[in-house]
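Visitor: Got a structure for you, questions after.
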Amino acid sequence: MTDKIDGLPINVSESSFSSSLSETNEEKIIQDTLQKLEEEEISSGIDEDEFDAKLFGIKKSTSSFQKESIKIYHQDSQLNLTPITSKKTISLLKIEKEIGNENEQEKEKEKEKGWKKEKEKKKELQTRLIKKKENENEHENESEKETSNKEIPNQKNAFSGKKDLLTPNQEKVFSLNKNKPPIPNRNNSRAKRRIRSTPISKKDEELIKNIIRNYLKTEEEKEGQGQGQEQKKEKEKENKKEYTQEKASDQKEVNFYQNSNQDLICEPLRIKYLVNENNVFFSKEVIYYYEMASKLNHTRVTGTLVLTNYKLFFFPSKWELFRSVNILSNPIIPLGNIARISKFNNQSFGNGDYTTGITIHCKNFQVVHFYYQNKKSRKEMLEMLFKNTFPLSVQLTFAYKHKKNHQIVDKGWLVYQPRLEFQRQGLPNENWKLSKLNAKYSLCSTYPQFLVFPKSMSNNDISVVSKYRSKGRLQILTWIHPKNGASITRSSQPKVGITQKACEEDQKMMKSILQASPNSKKLYIMDCRPKKNAMANRAKGAGYETIVDYPNCSITFLGIDNIHVMRESLNKIKNLCRQSATSGKKWLSALENTGWFSHIQKILYSSVKISKLINEESQSILVHCSDGWDRTAQICSFVQIFLDPYFRTIEGFEVLIEKEWLSFGHKFHQRIGQANSDYGNSQRSPVFLQWVDCVFQCINQFPTVFEFNEQFLIFILEHLFSLRFGTFLFNNDKERKTKQLSTRTYSLWTYINQNKKRFVNPFYQKKSIPIYPEYNIRGLLFWDNYYMKYLIPDELEKRKKFQKIDFSLEIKLQKLKKLSKEEIKLKNKLKKLETKLNQLKKN
């Protein structure tokens with residue numbers, strides 16, 4: 001039990017204090033102490049000074065003072081002594097000092113504002129205690145009380161002004177002991193004379209104060225060790241947890257799943273509910289039919305179809321039967337992954353009872369069928385499925401329901417910070433500046449708030465250039481070479497039109513970009529489009545740059561097709577994967593006819609070409625397509641992967657996606673079709689999927705250069721569609737901030753960074769060298785682990801025999817042939833040199 005006495009905390013045990021609170025015990029203690037002191041004085045014959053020294057505990061050696069038991073005596077209104085027992089039978093000294101000058105007394109009275117109130121409280125306590133005394137001592141006590149009230153204002157407590165150090169319990173204890181009833185006067189003038197309050201010298205006063213303070217500090221430390229051990233242990237545990245967390249934030253790890261054991265709906269399937277995931281609807285006695293398993297036995301599986309606010313999943317009535325089907329993956333479908341829903345009638349599955357059903361086409365190539373006994377139960381499921389899969393707004397999806405606390409920004413949203421990333425690249429510097437001109441998205445609504453421009457460009461010039469470029473997407477820096485200073489800038493097409501109008505400010509911008517890279521002789525403009533498409537855009541008021549208007553520039557057309565061609569190519573891939581009869585050589589020819597590999601080849605070839613211009617020739621590059629948010633993002637991000645080893649790490653890859661795709665305005669909402677039932681929308685296109693496929697090709701060719709594995713890429717693509725995280729929602733940075741994604745949804749990077757071990761490549765070796773992947777079609781692999789993920793194993797194995805030919809061996813053979821040819825050339829050169837040497841020797 002902790003209490004206070006005049007600003008000094010002490011420890012008082014409850015047992016010892018309970019006795020002091022009883023009135024009879026207090027009187028006995030007071031009387032006994034007075035008798036002992038008088039007897040000691042008479043027996044020893046000590047004088048007044050020695051008596052006062054003994055009374056106040058003033059001794060020569062401080063060490064003996066600390067070791068011995070200490071008693072604090074409080075001098076009450078009648079100068080009677082009241083001992084206060086401590087927890088360890090230790091009482092501390094209460095010192096009071098007289099003030100001689102009456103002027104000083106009056107000033108101090110005015111400063112003490114609550115003096116009168118305290119005095120009245122003392123009187124009330126004293127009167128209550130006095131009534132209990134014998135009638136004989138009442139008159140004497142009243143007279144002593146009057147004299148004490150007169151003397152108190154003339155006295156000053158040595159510890160006054162330190163009551164702010166007292167705890168509430170200590171203040172109570174002190175007030176109780178301070179207001180004890182006066183001891184009856186024994187008509188002992190000697191005792192009165194000896195116990196009078198004598199002034200103490202300043203040195204003694206300071207000495208006593210220091211001794212008591214030191215003692216009380218040690219007591220507090222002991223108390224902290226004794227009573228607060230559990231709290232300290234908890235704090236240490238918390239500190240250890242915080243120490244193990246990442247430096248980006250002190251926030252605790254996020255728990256994405258519900259902790260209850262009841263979350264496992266079907267034990268064999270291990271289906272677990274996420275936080276804030278709830279059941280919406282379910283249908284019993286549904287037959288699950290997998291499209292690719294039509295020729296196998298045991299394809300008919302009866303069970304329950306469950307719909308939650310996040311996913312649709314099926315679990316069978318008999319697990320053994322379901323396991324015998326050998327389906328590669330469980331039918332667990334996030335609602336955001338559903339591309340379209342269709343219904344069918346009068347299609348019997350070998351049993352006339354089940355003739356109606358629904359077919360679900362997913363964005364990740366999965367197609368499933370569910371058969372119902374009657375249309376009524378199917379209709380109920382369809383209504384709830386449409387309502388939850390295609391809500392009126394993206395803000396009604398599960399990504400906004402998943403997060404509990406909307407006031408905390410999880411660490412994933414802090415992965416990419418523009419200032420830190422550009423500082424890592426050494427920016428701003430003498431040639432480039434970091435501008436806040438787009439802080440309110442007034443310059444370009446689809447660009448981020450912080451942009452990097454050449455230092456020589458003024459704000460007025462920049463605003464004029466933005467009006468000359470399509471959608472206001474003017475030239476901005478995205479990466480700079482750390483050694484030679486060559487830069488990558490990106491933009492949209494210029495508004496040249498049929499009249500081929502020019503803009504002086506845009507020409508000045510191009511010249512400034514070239515001058516900002518001192519080693520660059522030319523600014524290479526890489527137009528990602530085929531030339532015919534660029535020329536066609538002139539009729540729409542846009543187009544491309546001409547050498548006449550930009551004399552120090554070189555224009556190259558990379559020939560990468562638009563989003564519509566890519567969408568058609570991916571649809572052919574989907575159809576090919578669903579054709580179970582196709583195998584062998586037909587499979588390879590059908591794969592070639594899709595045109596998917598030729599598109600990947602063009603992207604890789606263009607990226608390697610630009611990388612070599614920057615790294616080997618120190619040339620600066622401007623990349624653009626029509627609007628600068630599809631093919632431009634593909635090329636710019638690939639060049640940085642090839643040249644900057646930071647972007648081959650897990651953290652760097654996350655930063656790259658945030659910078660080149662999300663902040664610079666790739667239209668994920670339209671390209672993916674988030675919460676949109678319009679399956680045939682012309683704005684849908686697999687631009688990001690195609691880029692990830694290209695990254696997969698690089699991982700296969702350079703297995704030790706990347707920190708992440710193939711599963712990392714597949715996981716990103718799964719949650720590109722799932723609508724579980726807010727990372728890929730909406731089209732640009734402005735929309736994400738207005739929709740409060742960072743506070744209302746979780747970031748995908750938060751989950752990945754908490755589970756890094758799952759995505760780390762065990763063969764990773766940190767290397768700072770650039771990489772130039774093989775872009776020949778023979779060196780490319782079909783990504784069967786993603787595109788064929790939902791095929792049954794038998795069909796998948798058939799395809800693998802023909803599809804996954806080891807083209808790497810052929811590449812090695814070609815390299816060996818080249819080396820052998822080079823060896824022959826070198827041998828011929830050596831022979832010529834030898835003949836020349838022989839001729840020189842003869843001469």
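Note that Cβ sites are derived from N, Cα and C of the backbone, with glycine treated the same way.
Note: TrEMBL annotation is automatic and uncurated.
So TrEMBL lists the following for this protein:
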type	residues	note
REGION	1-26	region 'Disordered'
COMPBIAS	13-23	compositional bias 'Low complexity'
REGION	97-202	region 'Disordered'
COMPBIAS	97-149	compositional bias 'Basic and acidic residues'
COMPBIAS	177-188	compositional bias 'Low complexity'
REGION	219-252	region 'Disordered'
DOMAIN	412-787	domain 'Myotubularin phosphatase'
BINDING	N537, R538, A539, K540, N562, I563, C625, S626, D627, G628, W629, D630, R631	substrate binding site
ACT_SITE	C625	active site, phosphocysteine intermediate
COILED	809-843	coiled coil
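Mind mapping these onto the model and telling me what they sit next to?
Guide: Listed in sequence order, I498 are the same-chain residues six or more apart from A539 (substrate binding site) with CB atoms under 8 A from its CB.
Reduced to three states, the DSSP call for C625 (substrate binding site) is coil.
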Visitor: Can you tell me the three-state DSSP label for R631 (substrate binding site)?
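Guide: The three-state answer is helix.
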Visitor: Over all shown protein chains, what is the count of other CB atoms within 10 A of the CB belonging to D627 (substrate binding site)?
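Guide: Step by step: centre on the Cβ of D627 (substrate binding site), count other Cβ atoms within 10 Å, giving 19.
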Visitor: Counting other Cβ atoms within 10 Å of each residue's Cβ, which of the binding-site residues N562, W629, R631 comes out lowest?
Guide: N562
Visitor: Might you list, by sequence position, any residue in that chain lying six or more from N537 (substrate binding site) with a Cβ less than 8 Å away from its Cβ?
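Guide: Sequence-distant Cβ neighbours: Q493, G543, Y544, S626.
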Visitor: Taking the domain 'Myotubularin phosphatase' (412-787) alone, what is its mean pLDDT?
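Guide: In the predicted model, the domain 'Myotubularin phosphatase' (412-787) has a mean pLDDT of 94.
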Visitor: Determine the Cβ neighbour count for C625 (substrate binding site): the number of other Cβ atoms within 10 Å of its Cβ.
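Guide: Total other Cβ atoms inside 10 Å, all chains included: 27.
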